[in-house]
């Protein structure tokens, strides 16, 4: 796609997201239908499902030949990243949504032949849409973001997930000891945003493709590095122990991870 | 103090806090002077100090016979809770302030003969002042808060501090496993606010008196329980491993703590 085509797609996706935001704002103040997927820490609600149905219908109409991967299963079964692939997380941070009505996001990513084109993370409660890609830059609503400072691990706060820390996976406790402290916000989208803004030096968690597809595009456009925790490339078709961080902190973390293999 | 006297004090303290907020907003966008207190995770800035000087001067003029305890040492050396005691945290969450310019608070508490009278937690970046006490109730700006639901540990997210989790102090990892998940926001004030709003079922951390003095008054007024982690009463003159939580979750946590002594 040339830049003009990307801008047209971008304007379309923004409209979908604002409409989905309105839908979510209406639904979230009514009683939720909450059910467990794999257990009490893995929830889905009627809002996740309505949001996914809404977004996938929009994508199908707009780009009928594309493949779509959605967290709640209304999309396709994805076996390759060939062609246009849309990856949708209709409500990232469902536990926060259920328990806090805060700290959650809507995420969409568009890849073409495996290359990230456009990514979107909508911080719903702050009403800020983080959007963009390599051809257009990254924006927080209408404000263009500059790259966060390339600081080492020792200069920043680090975002982690609870299970990684408690299980001390890949030396996570030592990674945190080398940082200025650990933060846990409970939504991959919100954690990616903190990394974009330099509020954390990085973030690591076990993530599914819909948890990191959009964040990866935006983070890489801002000069951050997004890989598996050992520095190897991400697999877009399966779960990864994802690390998003500055270039300098990635070196620091790789040293720690290698000592803890 | 009768209720009318408390209301007059409350109106005065609110004015100080809004003036301190303006001072902080001006200073935070200039270069900070940051120095370490006990190490790289324990910072103080020129803004912490200016905020404390400002608040302590206001309190001295308003209540000259009172004792004042302030984090940055511009107050008195406190040896008892007799009489009027003001406890000031001029900038709670200094690391967040330095690294994020977000997720920090100004806190003030007034105790009389050891009893909490008025507490204030000002969430600066959201511009919401949580204020009140047993005689007047608790308000978020002008909106009166109702008590959060008395849910058990298993139904809520739990706020913890990194060192407690990594050190697995008092069975913290098991406490978290019994909850819906762990969150870490990095400011006692912000964590107390999450408990007030029911966004977490509780919070635990090693805290100094200025970290919990205001939160305790507001939390107890809202029906939450604030004790040491083993359920014993807090010592207002020293550090405590503080637990603020719902009544039901306190029972759940006490069982776990007793099994991990």
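Backbone N, Cα and C atoms are what each Cβ position is placed from, and that goes for glycine too.
Going by TrEMBL, these are the annotated features:
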- A:71, A:89, A:91, A:92, A:211: Mg(2+) binding site (BINDING)
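Structure with TrEMBL features highlighted.
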residue: A:71; record: Mg(2+) binding site; Cβ contacts under 8 Å, 6 or more apart: A:48, A:52, A:88, A:89, A:90, A:208, A:210
residue: A:91; record: Mg(2+) binding site; Cβ contacts under 8 Å, 6 or more apart: A:24, A:45, A:47, A:48, A:51, A:52, A:97, A:104, A:105, A:106
residue: A:92; record: Mg(2+) binding site; Cβ contacts under 8 Å, 6 or more apart: A:104, A:105, A:106, A:107, A:121, A:187, A:188, A:189, A:190, A:210, A:211
Which listed residue (A:89, A:211) has most other Cβ within 10 Å, given these are binding-site residues: A:89
Additional residues around Mg(2+), ordered along the sequence, whose Cβ is within 8 Å of the centroid of A:71, A:89, A:91, A:92, A:211: A:48, A:88, A:90, A:93, A:94, A:105, A:106, A:107, A:188, A:189, A:208, A:210
Conformational class of residue A:211 (Mg(2+) binding site) under the three-state DSSP mapping: helix
